[in-house]
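Residues or ranges marked as NAD(+) binding site in Swiss-Prot (evidence: sequence analysis): 35, 54, 55, 62, 126, 152, 153, 154, 217. Summarising the annotation, Swiss-Prot assigns Fe cation binding site to 154, 169 and lists sequence analysis as the type of evidence. Per Swiss-Prot, glycine binding site is recorded for 227, and the stated evidence type is sequence analysis.
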């Protein structure tokens with residue numbers, strides 16, 4: 001006989017076990033989009049303790065809708081090896097242009113990221129950063145519904161040696177530093193230019209403040225670089241670059 005209270009206990013106890021186990025991290029990633037999940041995957045494979053915090057119910061960022069709701073994405077030659085790493089199928093459309101199914105990309109990256117050892121907490125919003133001695137050293141979290149309803153509920157803190165802002169176009173985590181005058185400006189993303197946007201996404205993936213990295217569209221927003229639309233190679237390469245740099249700094 002099934003008991004309702006046992007079901008409840010199983011969920012509550014297992015969830016809070018995960019939460020307690022992830023209050024002290026090597027890396028806290030904010031945003032479970034393509035660059036965030038790829039960063040998490042490579043970090044976990046490299047031996048880092050990492051969790052991703054996503055304010056939405058679903059993960060995957062902008063992958064699902066492809067271009068204008070046509071659920072296909074394009075990846076360029078330079079990033080094809082990451083599709084191979086995740087065992088994602090693709091077809092060559094023209095030389096240097098590879099098309100993949102957006103649903104397969106989102107679900108496969110998510111699955112392999114979790115299986116690599118990354119814990120993803122969805123419906124958890126990061127509302128601030130922990131900054132000590134001029135260095136980002138953690139995140140401040142609350143339930144997304146609490147933020148949506150405007151209830152005055154104090155948050156909790158997660159400590160991390162590094163934080164990655166993978167929140168996309170708004171660079172929402174880096175905005176906390178701007179708000180407090182710890183960085184001078186965030187110019188925002190430029191107009192659409194796929195070639196330059198893809199190139200600069202990787203170049204702009206860096207530590208913008210001690211302890212804080214930016215990836216994906218957050219990297220371009222912080223640097224004022226162009227957007228690129230439904231081509232995702234830059235997102236994947238950006239996540240991998242951040243992961244590799246952080247692993248080196250962690251000595252892993």
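Glycine too: its Cβ is placed from the backbone N, Cα and C atoms.
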Of 55, 169, 227 (the binding-site residues), the residue whose Cβ has the fewest other Cβ atoms within 10 Å: 169
Distance [Cα-Cα, Å, rounded] between residue 169 (Fe cation binding site) and residue 217 (NAD(+) binding site): 5
Sparsest Cβ surroundings (other CB atoms within 10 Å) among the binding-site residues 126, 153, 217: 153
Packing count at residue 35 (NAD(+) binding site) (other Cβ atoms within 10 Å of its Cβ): 35
Rounded to the nearest Å - Cα separation of residue 217 (NAD(+) binding site) and residue 154 (Fe cation binding site): 30
Cα separation, residue 35 (NAD(+) binding site) to the residue listed as 'glycine binding site' (Å, whole number): 14
Other C-beta atoms that fall within 10 angstroms of the C-beta of residue 154 (Fe cation binding site): 7
